[in-house]
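If you check Swiss-Prot, you get these features:
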ACT_SITE  His50  active site, proton donor
BINDING   43-50, 161-164, Val190, 198-201  ATP binding site
BINDING   Gln75  beta-alanine binding site
BINDING   Gln75, Gln167  (R)-pantoate binding site
Amino acid sequence: MTRRDTPKFTAGQLNVYTRPGDVAAVTRALRATGRRIVLVPTMGALHEGHLTLIRAAKRVTGAVVVVSIFVNPLQFAANEDLGAYPRTLDADLDALRAEGVDIAFTPTADDMYPNGMRTTVHPGPLGAELEGALRPTHFAGVLTVVLKLFNTVRPDRAYFGEKDFQQLALIRQMVTDLDLEVEIQGVPIVREPDGLAMSSRNRYLDAVQREQAGALSAALLAGMYAAGEGTAAAVDAARAVLDEVPAIEVDYLEVRDAMLGPAPEVGMGRMLVAGRLGATRLLDNIAIDIGVPSGPGRQAEFDEHELPWRN
């Protein structure tokens, strides 16, 4: 058996690998020198939300930052937009160079699934709720590819955005239940000036739809302010905003607890919304304080709430 040498890695520049074995060998060698491996998984079409994840990863002392770019076919159903999903690899690599990323891992589907997509990770009951109720195979595909990325890169830490909050919760669940030695870091949603959560799919919206899409974050904001009166009041306030924009076909609007279990009567919760504008599906969510009376000074507390779209 011929031993393969470790692929070349040059510090101070972007190193691009497509084969899982190559990136595994490089990260293993770097880890042996005491470096920490930090992973930012993406599907490409990078925007400011992704770059915020990368910048958070780069703040880890001694980190080698690995960004994966892979449009995972396993998480798309037959009727979904796999073929239309934006692929901008050259521009993405330029963005990674500008951010000082160390490694880009850009496998093909054949690289990731050389024996076909036959073994998957079952997401459990939470994977059949919210997004999973509408996309029953989605989270099995997500968790499978994330586990494969973890097994290949062996990161000490991995960064995910909170926009896909259910995905983040399920990844944390998988790490706990399967005893994976990786720390998961969630990063707050990055928003456009009008509040729309940044997403690679936003580019599908025409000018009218783009303006209408701002109702999603406005609805969440209304729900957050009403949450002191309880969950039902929060949902009613958010629904009233969405009803003003009938072009948005709402798939769900729900309040859960911070781990996406049933909403508490009092305490921190998470309001989640998903809907369609034309052929484009959009997700958003926000943390809310449920059942806490307004009272003197409470408005000031809300005014200090972290709202990235307040300019």
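Note: Cβ is positioned from N, Cα and C throughout, glycine not excepted.
In this structure, of the binding-site residues Gln75, Gln167, Ser200, the smallest number of CB atoms within 10 A of the CB marks Ser200. Comparing local CB density within 10 A for the binding-site residues Met43, Leu46, Val190, the maximum falls on Leu46. Each residue contributes its Cα atom, and for Ser200 (ATP binding site) and Gln75 (beta-alanine binding site) these two points are 16 Å apart. For His50 (active site, proton donor), the same-chain residues 6+ apart in sequence whose C-beta sits under 8 angstroms from its C-beta are Val40, Thr42, Gly161. Separating the Cα atoms of Glu162 (ATP binding site) and the residue listed as 'beta-alanine binding site' is a whole-number distance of 18 Å.
In the three-state DSSP classification, Glu162 (ATP binding site) falls within coil. It is 11 Å from the Cα atom of the residue listed as 'beta-alanine binding site' to that of Met43 (ATP binding site). Taking only the Cα positions, the spacing between Gln167 ((R)-pantoate binding site) and Met43 (ATP binding site) is 14 angstrom.
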